[in-house]
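Over in Swiss-Prot, the protein carries these features:
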type	residues	note
BINDING	HIS2	Ni(2+) binding site
BINDING	CYS73, CYS75, CYS89, CYS92	Zn(2+) binding site
Amino acid sequence: MHELSIATDLINTALETAKQNNAREVISITVEIGELALINPEQLQFMYQVLTEENLLKGSELIIINVPAVAECQCGYKGPVPDKTTCACPNCGLTMRAVEGRDICLKTMEIEV
């Protein structure tokens with residue numbers, strides 16, 4: 001369950017950002033999660049709620065935006081990844097290279113100062 005470590009990292013980043021901006025309250029944080037990051041959004045939400053009970057993020061909303069996987073192949077194909085387990089190109093069968101949908105990124109925060 002790597003959602004715990006992801007939630008911890010997101011919370012630490014959000015707390016540091018809130019501190020740097022003299023926030024009195026954090027209303028929400030928005031996170032983009034790539035399809036290939038293999039994160040369970042429900043588990044991440046749960047971990048976020050548990051880990052924010054005793055800090056400035058208590059009561060804040062975690063907004064998750066799913067980013068679809070996009071890959072490209074030597075044959076020229078660029079698009080969705082139909083088979084996430086092998087990343088095989090739908091045109092030629094070669095293994096594709098992911099170009100989008102791998103990352104986890106804290107995009108925005110809504111705060112009260």
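Quick reminder: no glycine exception, Cβ is built from N, Cα and C everywhere.
Cα spacing between CYS92 (Zn(2+) binding site) and the residue listed as 'Ni(2+) binding site': 33 Å, rounded to the nearest whole number. With a cut-off of 8 Å between CB atoms and residues at least 6 apart in sequence, the same chain places ALA71, CYS73, CYS75, TYR77, THR95, MET96 near CYS89 (Zn(2+) binding site), listed in sequence order.
Cβ neighbours within 10 Å of CYS75 (Zn(2+) binding site), excluding its own Cβ and spanning all shown chains: 12. Ranking the binding-site residues CYS73, CYS92 by C-beta neighbours within 10 Å puts CYS73 at the top. Cβ contacts within 10 Å of the residue listed as 'Ni(2+) binding site', excluding its own Cβ and spanning all protein chains shown: 12.
Each of GLN74, GLY76, TYR77, PRO90, ASN91, GLY93, LEU94, MET96 belongs to the same chain as CYS73, CYS75, CYS89, CYS92, is absent from that list, and has a C-beta within 8 angstroms of the C-beta centroid marking the Zn(2+) site.
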